[in-house]
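Under the heading ATP binding site, TrEMBL lists G124, T125, N126, G127, K128, T129, T130. Annotation comment: TrEMBL describes 27-103 as domain 'Mur ligase N-terminal catalytic'. Taken from TrEMBL, the feature domain 'Mur ligase central' applies to 122-329. Taken from TrEMBL, the feature domain 'Mur ligase C-terminal' applies to 351-479. Annotated N6-carboxylysine per TrEMBL: K233, in sequence order.
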Amino acid sequence: MKYFKELIKGYNNFDSKNITKECLNTKIKNIAYNSKLIKKDYIFVAIKGTKDDGHKYIENAIENKANIIIYDFRFDKKKIKELKNKYNKIFFVSAKNPREMLAFISAKLFDEPTKKIKTIAITGTNGKTTTTYLLKSVLENNKNKTTLIGTIKNMIGKREIKTNLTTPESIDLENIFNKSLKKNISNIVMETSSQALAMNRCDYLQFDTAIWTNLTEDHLDYHKNMRNYLKAKLKLFYLLKESCKKKKLAIVNIDTDYFKEISNYIKKLNLKIITYGLNEKADYYGKIISLNSKSTEYEFYAKEKFISKVKLSMLGRFNILNSLSVLAYACEYKLDIKKAIKSISKVQVAGRFEIVTNEKHDFIVAVDYSHTPDSLKNILIEAKKLNPNRVIVVFGCGGDRDRKKRPIMAKITAKYSDVSILTTDNQRSESIERIMSDIEVGFEGLNFNYKKIIDRREAIKEAIREAKKNDIVIIAGKGHETYQIFPNRIVDFDDRKVARECLKEIYYKEIKLFY
């Protein structure tokens, strides 16, 4: 347990004038932002979310024995006064930004574990998950026990930790990292989403390295425009600058959109910038040897010096870029580069251009997480580069998400595929009619025939039934996900499993399981 005064030492963004000595000397066992998790000697931090407001649950937290309530200074003053009068033995602390304060006191509660563990953050619109898996493999093959934080799952070494967010809340992160320290973990590799950065979840983490994959349109339902989206992502480099670590590196894709703005910002922060890409001006670059349906191969150069040929089991140009960022990291931190190259050659990431057909089939069916305009465009372009007879795509758009990208994704499938089958994704609470209508706007005026099949299983089956020799079927949008979200229910649904079942139903062929 710690005293409250220990948790807030060095933090100034709250109303300190009304903090009593009794409050400062209150013993704290833990912190929670969910009133259901509150126990005796806990702090409850009321956070206003996009769909709900933690301030509504202050009384629930008090009933569960919270001893300190941290709330937003903008919250209803009359209501706070009533609560203070009703619960006069509870301490109320007004904060300018409860999320930021949550991050600060969470770090202090666990004695800032990232000070003692090498922490690498990856941000970007696409490629974060693959990059974290590649980097984890390289580190572990260089005898570095690693914690992974990301979209598919979180892991402390080999043990999986459940979470619902790409980047968990700050208190959850600090808890995971504290457990990692106790398990002698030496490295943390984490995805950092733009929302997490904007919502202060990564504040006060002590980063060693920040890797930037790319930036294209996504999450504009939250950020509203690309300028805000870029600003949210750039915050990672500010957090890197504020880190206590001695060696700090910003590793950036030289081929990304907004590279000039990104590099200028990093230079203003006086951080060392390392570049990678397919551009020979990069510090670390690759020259493509071959891209085919079996593997991807390229030559790896470090500061203009040829190092080695690299062969990936993952397909696509974008995976060359993802792997180059990891090799750049390996070189900069003087890891065994031969081991690193061997490590990345074996990595397969669930739901990332994951092929579910086998050698018995004369066409390819692949499942991919591409759910943004850019990632969908990339996967279809990469499929075309494999010289198929036709590219068939199954796609949809998630409900309660950025509506502006829906017609864009339709236009992309019309331009880069031969057959497009429109279906459901995660509907959530939005009407399927509106989602479909938004998407179909993108097909208007185009000389392109598409199919609309609401049932996702039937859409996948139709795509496979449609496939002929040398065709490639891309099932886009859900990748590794094993569920589908409807307004009042969540059902089991795994595109990979469904595709294999449909293949078996239609062709009665034995399907080799890849995972």
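Quick reminder: no glycine exception, Cβ is built from N, Cα and C everywhere.
Everything TrEMBL records as a feature, shown here on the structure.
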{"residue": "G124", "record": "ATP binding site", "Cβ contacts under 8 Å, 6 or more apart": "I211, W212, T213, N214, L215, K233, N253, T256"}
{"residue": "N126", "record": "ATP binding site", "Cβ contacts under 8 Å, 6 or more apart": "T213, N214, T216, F318, S370, T372, D374, S375, N378"}
{"residue": "G127", "record": "ATP binding site", "Cβ contacts under 8 Å, 6 or more apart": "T213, N214, F318, L321, N322"}
{"residue": "K128", "record": "ATP binding site", "Cβ contacts under 8 Å, 6 or more apart": "I122, G150, T151, T166, E191, T192, S193, T213"}
{"residue": "T129", "record": "ATP binding site", "Cβ contacts under 8 Å, 6 or more apart": "G150, T151, I152, E191, V349, R352, Y369"}
{"residue": "T130", "record": "ATP binding site", "Cβ contacts under 8 Å, 6 or more apart": "M314, N319, N322, V349, R352"}
Cβ atoms near the residue listed as 'N6-carboxylysine' (within 10 Å, other residues, all chains): 24
PLDDT averaged over every residue in the domain 'Mur ligase central' (122-329): 94
Residues close to ATP site centre defined by G124, T125, N126, G127, K128, T129, T130, Cβ within 8 Å: I122, T131, E191, T213, N214, N322
Count of other CB atoms lying within 10 Å of the CB belonging to T125 (ATP binding site): 22
Residues of the domain 'Mur ligase N-terminal catalytic' (27-103) by DSSP state, where helix covers H, G and I: 29 helix, 23 strand, 25 coil
